[in-house]
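Working notes, structure below.
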Amino acid sequence: MESIEQQLTELRTTLRHHEYLYHVMDAPEIPDAEYDRLMRELRELETKHPELITPDSPTQRVGAAPLAAFSQIRHEVPMLSLDNVFDEESFLAFNKRVQDRLKSNEKVTWCCELKLDGLAVSILYENGVLVSAATRGDGTTGEDITSNVRTIRAIPLKLHGENIPARLEVRGEVFLPQAGFEKINEDARRTGGKVFANPRNAAAGSLRQLDPRITAKRPLTFFCYGVGVLEGGELPDTHLGRLLQFKKWGLPVSDRVTLCESAEEVLAFYHKVEEDRPTLGFDIDGVVIKVNSLEQQEQLGFVARAPRWAVAFKFPAQEQMTFVRDVEFQVGRTGAITPVARLEPVHVAGVLVSNATLHNADEIERLGLRIGDKVVIRRAGDVIPQVVNVVLSERPEDTREVVFPTYCPVCGSDVERVEGEAVARCTGGLICGAQRKESLKHFVSRRAMDVDGMGDKIIDQLVEKEYVHTPADLFKLTAGKLTGLERMGPKSAQNVVNALEKAKETTFARFLYALGIREVGEATAAGLAAYFGTLEALEAASIEELQKVPDVGIVVASHVHNFFAEESNRNVISELLAEGVHWPAPIVINAEEIDSPFAGKTVVLTGSLSQMSRDDAKARLVELGAKVAGSVSKKTDLVIAGEAAGSKLAKAQELGIEVIDEAEMLRLLGS
């Protein structure tokens, strides 16, 4: 007679097998009723023997108790976004850039996939068992949604098959099929619950439930599309090969993934998917096109927050017609005057749209737009609504001309338009309340100075009450002054003051980004900080010197140079430093002057370390003159292999690069 442990093992194995056939192979071999019977049998046995329940049991998908809030998970490998193209010409230009950058006659093949309209997630398996899952978040840090992801039946709690890596992080999309979406909304209308505008919102709402039991009731599903972390194992050297391997291990992969041998085949794939879009049963908003060869991907690399080897080819956005009620003018952080059409509300691609950007005066002229016109609205990239054209054949008799302002609608300063630029700008600078508000909101934002609790409404009140004129004024605020604001009690006020004090300790890159210099984003700010090292060196840099920084051209260099040439900007910076804003001095290391076995060497760490964290090891190696790289190449001098070292170790051995273990690293660090 079988033992209880044997019965449980057999039931779990059988259920996992049928989940694989149903969700991955799309070829169920037993009726739903039989699956339900097996699940009931397993559940009854586990109820009688709770000490034998395992985390990867199929019964554990039902969800645990509600969470008070989501904790954060930092992505070991950033979850990057993709650049978009919207027409054939743009895709062909991307194709040419790839061919030119590779600078070889080697053929490029493309792996083409559906661009699912859901939520990007990262799922980590250790020794084949699901241990954590996270949202994309800001690409660096996401929310811990492990409990909710465990309830999605398409996602295996345990991988099956051979040669499963010690650590494998898969990336993919959680989405809601249209039938499931309609059922959720039907139930919500019947019970008076929340009705979702589209399947993506419903998927997001379902996945971000603090109560996993609610998520478990939603028919979410999942497709894999990539890998993040890989340790203690190997994967094929093509993107398609990796997806096929995922499928062998039990991970669901779309059956529409296609290998294309040319740009013409990619375009044919795009048009076929566009034709089939209405019958897929789930929402997509384009196709994703990736260089299939991992070696070529590595050669192409990345720019800022996106890879050079992949692109999202978006479908034409959905369009609707409505009327323009009025045109208003908004003033942005850098003084840009943006006309905004106020519309008769209309649903476009599942979202109620009441405003649409008109971009600038040239666009209004191009459209021939008048207030009262009937217009076609498009959600560009399915995100930002814009006016596509005016329906001239249905123009009402009482339309009015759109008059672009010559004075700022907020502060009354002159509006000027520099020759060669499409954007008109308010010349008021920080005397303009709108610019001041937007500049301050940018300054305190999470990726800039990161002042916790300093929201938009607080900034609005501070500017309106004339408490704050420049960023430096923020650090002069007291709890007493803040308490006078709406919805700001003594405790909240003190929390903001404490957050401002904490924010004084920053990095040079964050500080530069926070200043809001035109066209200086996070990546450019980081590049400037790394290249010049000190504020003094950057302030003194010429336009020619600035252009030596990677990705800084004449336009950005001019903006940076002009910013520091402006006396009022230098005064604000001096005030900020006087208020105590500071960052660590740059560490300048001359490898030739360091007596260390690591000095001047390019070192790669792989696998997990037992005696110190990887960040601590990196910091110590840098102190000793090493350059720590993220991947193995012919330029690598040394690889330090910890536990469960994977493909990096294999590549090092293949290239004949010196490899040492953690014990030897510690010995050398101690010497």
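Using the three backbone atoms N, Cα and C, a Cβ is placed for every residue, glycine included.
For the Zn(2+) site, Swiss-Prot lists Cys408, Cys411, Cys432; matching the candidates Cys260, Cys426 against that entry yields Cys426.
DSSP states for the domain 'BRCT' (593-671), grouped as helix (H, G, I), strand (E, B) and coil, give 29 helix, 18 strand, 32 coil. Take the Cα of Cys426 (Zn(2+) binding site) and measure to each of the recorded positions Glu34, Leu82, Lys115, Lys290: the nearest one is Leu82. Counting only the Cα atoms, the space from Glu34 (NAD(+) binding site) to Lys115 (active site, N6-AMP-lysine intermediate) is about 34 angstrom. Within the same chain, the residues at least 6 positions away from Arg136 (NAD(+) binding site) whose Cβ sits under 8 Å from its Cβ are Met79, Leu119, Ala120, Val121, Ser122, Gly142, listed in sequence order. Ranking the binding-site residues Leu82, Cys408, Cys411, Cys432 by Cα distance from Lys115 (active site, N6-AMP-lysine intermediate) puts Leu82 first. Here the C-alpha separation of Cys411 (Zn(2+) binding site) and Lys290 (NAD(+) binding site) works out to 48 Å. A helical conformation is recorded for Glu34 (NAD(+) binding site) in the three-state DSSP classification.
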